[in-house]
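Encoded as structure tokens, the structure appears first; notes follow it.
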Amino acid sequence: MTAFHSVAVIGAGAWGTALAMVAARAGRSVTLWARNAEHATRIASTRDNPRLPGVRLAPDIVVTSELALAARADMLLIATPAQHLRGAVNMLASHIARPTPVVACAKGIEHGTHKFMTEVIAEAALHAQPAILSGPSFADDVARGLPTAVTLAAKEEELASSLVQALGSPTFRPYHSTDVRGVEIGGAAKNVLAIAAGIVVGRNLGASALAALTTRGFSELARLGRACGARPETLSGLSGLGDLLLSCSTAQSRNFALGIALGRGEAAPAGKLAEGAFTAPVLVELAAARNVDMPVSQAVAAILDNKLTIDAAIEGLLTRPFKAEE
């Protein structure tokens with residue numbers, strides 16, 4: 001089994017900072033890369049990131065804006081938003097001269113290409129060994145060392161297991177998998193479904209409706225996963241059902257918070273990127289290409305595109321023909 005002694009986290013937002021703390025707790029030599037030199041200097045000197053207030057960065061984490069320095073690490077965690085993943089890996093590609101694990105830590109599908117995160121990595125960097133980290137996790141919880149469990153998947157089981165050994169600790173428990181596509185579908189779909197759950201809360205439709213929406217949403221996620229060859233245990237595991245339950249239950253989820261705002265007729269929360277808003281139309285197109293029925297996801301995409309009002313979407317879902325549960 002390969003041992004990874006050094007880890008670089010690309011992206012010094014809240015999630016990137018939390019992952020740097022994870023790697024440091026696991027005993028790795030950690031570099032946190034920030035695109036903005038001033039931002040990097042501030043974090044390095046104060047050991048505080050304004051994007052993750054109240055969390056003090058471990059003293060041995062190196063913070064830099066020099067990409068070449070970060071790229072020397074044994075493994076790379078890409079903590080940029082999904083739609084910026086290709087740009088980040090493109091920048092890294094010329095610095096990666098040997099097989100190096102490149103782990104996507106964002107949940108989504110690339111616009112335009114309809115590529116999943118590991119596919120983007122494989123295209124953008126010749127020597128990258130693509131992997132995906134996903135599951136029920138909030139940056140604040142992870143950074144503070146609260147117990148968290150996630151899934152880390154790569155095509156080769158030995159690589160996935162080695163990555164888990166490199167990042168795991170008593171408070172951060174990754175489970176390894178080779179079902180890369182199943183993990184990616186769970187993370188992408190749950191973001192869209194969390195927006196729908198937030199709309200239910202914003203519209204004050206009640207706890208029963210929220211439970212029904214979450215359950216039927218999982219049915220959509222599972223149908224798409226099966227159509228794409230995902231394993232049932234992945235879809236019902238941490239990166240599928242687990243992440244869906246978390247994202248549909250608290251406004252800490254940016255997608256859930258966006259849904260609440262939409263349901264109340266308010267503006268979207270300022271400065272909060274909700275990946276589900278970008279993923280919704282791509283997810284619906286992916287489902288259509290595989291002849292998978294995803295009415296909740298379709299409703300979210302239509303609402304976000306101003307093609308359907310929330311009231312019309314709710315009525316449409318509630319008046320669908322009765323059928324057997326699946």
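Each residue, glycine too, has its Cβ placed from N, Cα and C.
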Swiss-Prot annotation, NADPH site containing Trp15, Arg35, Ala139, Arg254, Leu273, Glu275 - matching residue among Lys107, Lys190, Lys323: Lys107
Secondary structure at Arg35 (NADPH binding site), reduced by DSSP to three states: coil
Under 8 Å by Cβ from Trp15 (NADPH binding site), counting only residues of that chain that are 6 or more apart: Ala79, Cys105, Ala139
Cα proximity to Asp243 (sn-glycerol 3-phosphate binding site), best match among recorded positions Arg35, Lys107, Lys190, Arg254: Lys190
Recorded positions near Lys107 (NADPH binding site), in sequence order, restricted to Ser137, Lys190, Ser253, Asn255 and a 10 Å Cα cut-off: Lys190
Rounded inter-Cα distance in Å - Gly135 (sn-glycerol 3-phosphate binding site), Lys190 (active site, proton acceptor): 10
Lowest local Cβ density (other Cβ within 10 Å) among recorded positions: Arg35, Lys107, Lys190, Arg254: Arg35
